[in-house]
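These notes concern the structure reproduced below.
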Amino acid sequence: MSEWLFDLGNSRFKYAPLHGNRAGQVQAWAHGAEAMDAAALAALPSGQIAHVASVAAPALTQRMIACLQERFTQVRIVRTAAECAGIRIAYADPSRFGVDRFLALLGARGDAPVLVAGVGTALTIDVLGADGLHHGGCIAASPTTMREALHARAVQLPASGGDYVELAIDTDDALTSGCDGAAVALIERSLQHAQRSLGAPVRLLVHGGGAPPLLPLLPGATFRAALVLDGLATWATAAASP
């Protein structure tokens, strides 16, 4: 039976075949706030079951679901659950916990105790204990979003460009250093708190399209490009279990 995993984020769309309980080879496309590139839609696979997670705008999500319903016998939409595959979400109302964060924790379950940092449009941080208990987290603007926000308020500040240095001597480098440094500082502070709170070493997993530039500043981190899709694979496997 052909099953596929689909992750519709705020700015990128990823999909992969389900291989066992992991995601297979990943394909990714950028998308706008309300529209998907025609080439991306034409390239979509078809099969028996599509497992779909989305944090994109409702209109875009509905268009994508309608497109998949034409290609798949069954389309399953992921919702955050209070408990799943050995993890328990800390939120009193799990429906308010983003499905991307939920799936990232499922993908990271085998690495617990772990801090999971997702770097996309937002920077999300969540801590998962060895017993599968979610200890909460935080949300901030990612470095890319910080840059775009600064440019929107002060157009003379470029929205991109520059390299990270500890003390920059030009504006482009200063912006990159400040925004990347702010993200790294929040991740490091959260990791230190997690280790004190759990009383044990805590692994650091990072994922998302904005993560690679931060890796040189986080020498202890492991990058998992397909973490959300791996979590979606775990969800799909759990959903299929009797």
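We number each residue from 1, going along the chain as drawn.
Cβ atoms here come from the backbone N, Cα and C positions, even for glycine.
Swiss-Prot lists Gly98, Val99, Asp100, Arg101, Thr171 as substrate-binding residues, and of the candidates Tyr15, Tyr91 the one it assigns to that same site is Tyr91. Record check, Swiss-Prot: ATP site residues include Asp7, Leu8, Gly9, Asn10, Ser11, Arg12, Phe13, Lys14, and the candidate from Thr121, Thr124, Thr144 also listed there is Thr121. Here Thr171 (substrate binding site) comes close to Leu157, Pro158, Gly162: these same-chain residues lie at least six apart in sequence, with C-beta atoms under 8 angstroms from its C-beta. Here the binding residues for ATP are Asp7, Leu8, Gly9, Asn10, Ser11, Arg12, Phe13, Lys14, Thr121. Their largest Cα to Cα distance works out to 15 Å. Of all the Cβ atoms in the protein chains shown, 15 others lie within 10 Å of the Cβ of Ser11 (ATP binding site). In this structure, the binding-site residues under consideration are Phe13, Tyr91, and the one with the smallest number of other Cβ atoms within 10 Å of its Cβ is Tyr91. Surrounding the centroid of the Cβ atoms of Asp7, Leu8, Gly9, Asn10, Ser11, Arg12, Phe13, Lys14, Thr121, where the record places ATP, the chain contributes additional residues within 8 Å, namely His31, Val55, Ala56, Gly120.
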